[in-house]
């Protein structure tokens with residue numbers, strides 16, 4: 001059972017909650033959309049905005065509804081106390097307003113998401129989103145007063161003392177300024193304000209102390225005036241509800257010196273007025289401020305008034321003084337003893353608990369028969385004649401430890417547990433347990449004639465081999481003609497060749513899967529390959545052969561004097577055919593210069609990378625003031641920064 005509500009989350013105002021949810025939507029959802037995008041993408045963009053905003057509002061509303069206690073589920077004391085402090089109907093209406101707003105926000109989001117599914121353009125979807133968020137904001141602004149009220153209730157609930165209605169409790173009550181708070185400060189460490197004027201205590205204060213290793217709580221209640229309940233204010237009603245609902249020992253304080261501002265007659269009259277609230281409670285009347293006046297110093301009329309209090313059953317009068325702490329601990333201890341005794345008495349009165357205990361300790365006794373014959377215990381004669389065990393007797397009955405000692409003692413002798421088996425035949429005791437396979441006993445499937453069956457199978461195999469049942473296909477081929485055999489072998493060779501070609505083609509396709517295909521113009525083709533291919537197609541290659549021979553004779557190299565003068569040697573002609581050198585290493589003398597060049601290139605790329613440029617030609621200038629964050633009026637009056 002919850003006793004304190006200090007962990008309720010803060011309830012923001014309507015404007016603050018609106019800012020929180022809309023800022024969260026702006027931060028956690030995409031912000032860029034173009035009219036050229038697909039219409040499905042535009043719809044999804046704005047539907048996400050509406051759904052995300054709805055989820056933000058619902059999350060905030062759920063925190064409020066789950067944080068505050070349900071006034072119908074708490075203890076009656078806390079329920080009446082909250083009704084007195086916060087007005088129960090107002091509290092329920094405020095929470096109901098929040099719950100209704102949650103339902104309305106969900107309905108708005110559902111309706112506008114349905115409309116956004118059929119949006120025809122970016123402008124139309126944007127206006128629908130704007131209308132949805134606007135309606136949610138309107139619903140939120142209508143919660144201005146309930147949210148302010150709930151925040152005040154939350155703050156006050158967090159300051160309420162933690163009062164356990166079911167623990168051991170001493171309840172201090174009486175007129176104002178009779179010494180209730182002073183007594184609480186004397187018996188506990190509670191820091192209660194004490195002043196010489198009335199109504200210093202305006203709420204319930206709780207202090208704790210230990211008595212006989214048990215934890216007690218003492219509650220200081222505000223002062224009560226003798227008037228009808230309908231005329232009492234909220235301060236007095238807190239005391240009334242505490243007396244009515246808490247199982248405790250009530251300490252009714254009185255001031256005989258009348259320095260509190262109320263006469264003895266008024267204090268006695270107040271006791272009789274609230275006496276119906278003391279039902280099923282132990283009550284003590286504590287006369288305080290005995291350092292000023294004692295009961296013996298009163299006149300007979302006032303003493304008779306005090307004696308009238310004793311007419312209430314179980315009431316005991318004690319005296320004390322909180323100034324010099326006279327008899328303070330005695331009053332506390334006496335109240336604790338009365339409380340413990342009453343709690344034990346209430347437990348014993350509970351019939352259910354007593355019945356459960358009696359059922360546990362019930363002992364059954366046999367009843368005598370109708371004939372009245374005395375039936376004594378029967379002991380068999382064989383048991384009476386059993387010879388007592390004597391370790392020194394050589395003819396004694398051997399025990400298990402005697403057998404163990406004869407066979408080497410503990411750690412050497414291994415007892416056979418199967419000797420204790422109770423079977424029809426003692427020869428079965430040491431039988432080997434059969435194996436179980438798939439839930440069946442393997443021994444049940446063993447055939448005693450298995451050897452004879454095996455011999456029969458072997459004879460049948462020999463007969464089949466003699467009849468040629470297992471002859472191979474090679475023997476059948478030997479009986480065929482040579483032409484048929486040759487035809488079969490050619491077909492088999494063709495099939496094998498076809499399979500190899502298919503495998504090679506598949507490997508080629510797999511090898512070229514992630515590589516560039518060499519263009520046909522770059523592939524080297526010799527004249528002999530072309531001649532062989534054209535001949536296979538049936539073309540006459542004699543004309544091409546003569547042209548090839550003439551071209552080869554013309555290009556045959558002969559060195560002349562001009563070639564020597566102008567340097568047209570073999571190396572100059574074949575320079576273009578040589579393998580080109582690595583351009584990355586051209587102009588670099590050694591590895592140290594290569595490393596230095598790499599460092600300088602990396603240094604020059606640093607600034608470009610810092611500016612997030614794609615390359616040296618990237619000159620794109622991004623917007624320094626994003627329009628969606630800085631558009632709108634910024635006047636002196638109301639402004640909209642969205």
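Placement of Cβ uses the backbone N, Cα and C atoms for every residue, glycine included.
Under the heading GTP binding site, Swiss-Prot lists 174-181, 220-224, 288-291, citing sequence analysis as support. The Cβ neighbour count for residue 290 (GTP binding site), using a 10 Å radius over every protein chain in view, is 20.
If you look up Swiss-Prot, you'll see 609-621 marked as compositional bias 'Basic and acidic residues'.
As annotated by Swiss-Prot, domain 'OBG-type G' applies to 168-340.
According to Swiss-Prot, the feature region 'Disordered' maps to 585-642.
In the region 'Disordered' (585-642), helix, strand and coil residues by DSSP number 24 helix, 0 strand, 34 coil. Cβ neighbour count for residue 221 (GTP binding site): 24 (other Cβ atoms within 10 Å of its Cβ, all protein chains included). Within the same chain, residues at least six positions away from residue 174 (GTP binding site) with a Cβ under 8 Å of its Cβ are 180, 223, 224, 252, 253, 254, 267, 270. Within 10 Å of the C-beta atom of residue 180 (GTP binding site) sit 29 other C-beta atoms, taking all shown protein chains into account.
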